[in-house]
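Annotated in TrEMBL:
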- 1-31: signal peptide (SIGNAL)
- 43-132: domain 'SRCR' (DOMAIN)
- CYS107-CYS117: disulfide bond (DISULFID)
- 135-234: domain 'SRCR' (DOMAIN)
- CYS203-CYS213: disulfide bond (DISULFID)
- 239-328: domain 'SRCR' (DOMAIN)
- CYS303-CYS313: disulfide bond (DISULFID)
- 331-430: domain 'SRCR' (DOMAIN)
- CYS399-CYS409: disulfide bond (DISULFID)
- 433-524: domain 'SRCR' (DOMAIN)
- 530-629: domain 'Ig-like' (DOMAIN)
- 639-661: transmembrane segment (TRANSMEM)
Amino acid sequence: MNTAERRQRHVYPDMDQLFVLLLLWSSDVQADRKQDSTESDDVRLVGGANRCGGTLQVKHLGEWKPLQFIDCTLKEAAVVCKHLDCGSAVSVEQSSQSSVWGVSSTCVQSGSALRNCVTSEYFSSAVELTCSDSVRLLNGSSLCSGRLEVKSNQSWSSVCEADFDQQDAEVVCRELGCGPPSVLQGALYGAVEAPVWSKEFQCGGHESALLDCRSSGSARNSCSPGKAVGLTCSESDDVRLVGGANRCGGTLQVKHLGEWKPLQFIDCTLKEAAVVCKHLDCGSAVSVEQSSQSSVWGVNSTCVQSGSALRNCVTSEYFSSAVELTCSDSVRLLNGSSLCSGRLEVKSNQSWSSVCEADFDQQDAEVVCRELGCEPPSALQGALYGEVEAPVWSKEFQCGGHESALLDCRSSGSARNSCSPGKAVGLTCSEPVRLVGQASRCAGMLEVKVGKWRTIDYFDWELKEAHVVCEHLGCGSAFSIQWKNEPSEISVLKIEPDCVHSGSALRDCAKLYSSSLTLNVTCKDLLVQPIISVSFMNGVSMAQQQELQVSRGSNFTISCSIQPQYPGGSFQLTFTSSNTAYNYTQPAVNHSAHFLFPAPEPAHQGNYSCVYHVYDLSSESRLLSVTVSDPKHSDIVKVVVITLVALLVIVLMILGLHLYCQVNRQ
């Protein structure tokens, strides 16, 4: 979603608020009817085929005007349909109009009736609703299920099971914009409520509306308990992914009113993508991307997470980009704490199978984790996420670890039909989270992999969110967060703080976003111990000694170094003796510093240690004890001999040069 679309959406109330609003409004209006019937006709649909379809209008201050509210789905439309005494909600669209009223978000939150929340703000498009005229399903788990009621002569009636068959059900499901009937059972969604429909329906199955069907001449005034028609229509094959490498990847499209159109998930994360993958009988959700397209319908993520059918979550809002999803084709992890963990299942011949621990090893796990867009496996244990469920995968995987998909691996010829309890493969892959751009893995720009590595938007993050990242990386607690301005907006991931603290994996919380501010995190990792070492003029280096004896007047260098964890910092060489103490400080260059002692004296005798400082962290090396002594007699003799030899060499060189010159003159 681009910046303009986000800013446009910001002025509207969210879907949950609107749903609450409409419920409050509906109950409020019902109460008002009892007090003043003149206020009952403040909402209408105009311009449609009948009074149950058209542009939604509200009467305010004696004037009718169209209404606009964002993220209107079939769930909200159903409230309007009920208020108008129409049937079930069938469709939600948008139409271009002038002088369209909006709805005040603040007013919505206060719980006021809809007519009292109309604002002076104007929009250029209005909501178009279509409700069924004479049939509805009540008390169901979706808009495509419930107890059937039919309207005639301004009255709604229950239908008796004896007067309704499969062909009648096909007509009702089609009239409501649902898929074919999947369940037809008496009292499935409640008992009969009076009045009862008096005739038997005799549909051929091709009719467009139930009341277009023929009916018997016999009349019925009652229906036995448990015999009210309960109908469940399927959600049909109304969702697909197109344009990808296979049926489990590509642009998300939904079929609505006979037309396929691309969809834009509002604030889509891998959690929502997983719902689509499951609906399509694909594997785990791997990535979410965006593509530029025209006439894209919106889908409300909150609605999807609530368990509603995708069709019921389509909004009337239009976008200029569609969502691109990639699901794994043949592997999935179930019942895990994130999309990178769970009980492993493999798909073959359109059937999902559990995998036995004896047929799966570490190299196989590496392939699965990579196939699912996760990092390498961190735990592989039988029954970690549940017991084996039939059927069981029949052969042993023999992956080399480099394959891109599990089904690309070789397998054994032996077959297995069962697996012992506690032996179902439970796999935990590492979450794809990292800090990059610094010498230390515990500091840098935060990146999360959702299909590919992306940076994180800075907005709304504080130290408590960064602490979760540091803890996940094994880097202690968060020390600081900073933002980096990129000159222009780039594609990033936005992770809401609430999702971070819910215990969800960062990858599962990430949603596509555009921002110019990216997030840098520095963790308070426990510093490793610095190394203190000594080197001499002759190139000899000593790193492991705890005691060192040097000759007075010679020279030596004490070096401080540390393994790379953080950039910069400084080294402090501390010295203590029986009667004094002092410090030398140098900046860390390439994670080291060198302190030269050109002419040691007895005053340099004592204990030395290196202390590394970075941010508010510090770490100290072991102690090095240095003793300064006078040169030994043997050492003096060696010096004298070396000096005499050097003088002799010089004399010989001079004599040789003199002789050479004389020969040349002759």
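Positions of Cβ are set from backbone N, Cα and C atoms, glycine also.
Positions of TrEMBL features highlighted on the structure.
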residue	record	Cβ within 10 Å
CYS203	disulfide bond	21
CYS213	disulfide bond	17
CYS303	disulfide bond	25
CYS313	disulfide bond	27
CYS399	disulfide bond	21
CYS409	disulfide bond	18
Quiz prompt | Residue numbers, six or more beyond the limits of the transmembrane segment (639-661), whose CB comes under 8 Å of its CB atoms | solution = 631
Quiz item: Which residue counts does DSSP give the domain 'SRCR' (433-524) for helix, strand and coil?
Solution: 19 helix, 50 strand, 23 coil
Quiz item: In the domain 'SRCR' (43-132), how many residues does DSSP call helix, how many strand, and how many coil?
Solution: 20 helix, 47 strand, 23 coil
Self-check item: Distance, CYS213 (disulfide bond) to CYS303 (disulfide bond) (CA atoms, angstrom)
Solution: 35
Self-check item: Inter-residue Cα distance where the pair is CYS203 (disulfide bond) and CYS313 (disulfide bond), in Å
Solution: 31
Quiz item: CYS409 (disulfide bond) to CYS203 (disulfide bond): how many Å between their Cα atoms?
Solution: 54
Quiz prompt | Whole-number Å value for how far CYS399 (disulfide bond) lies from CYS203 (disulfide bond) (Cα to Cα) | solution = 57
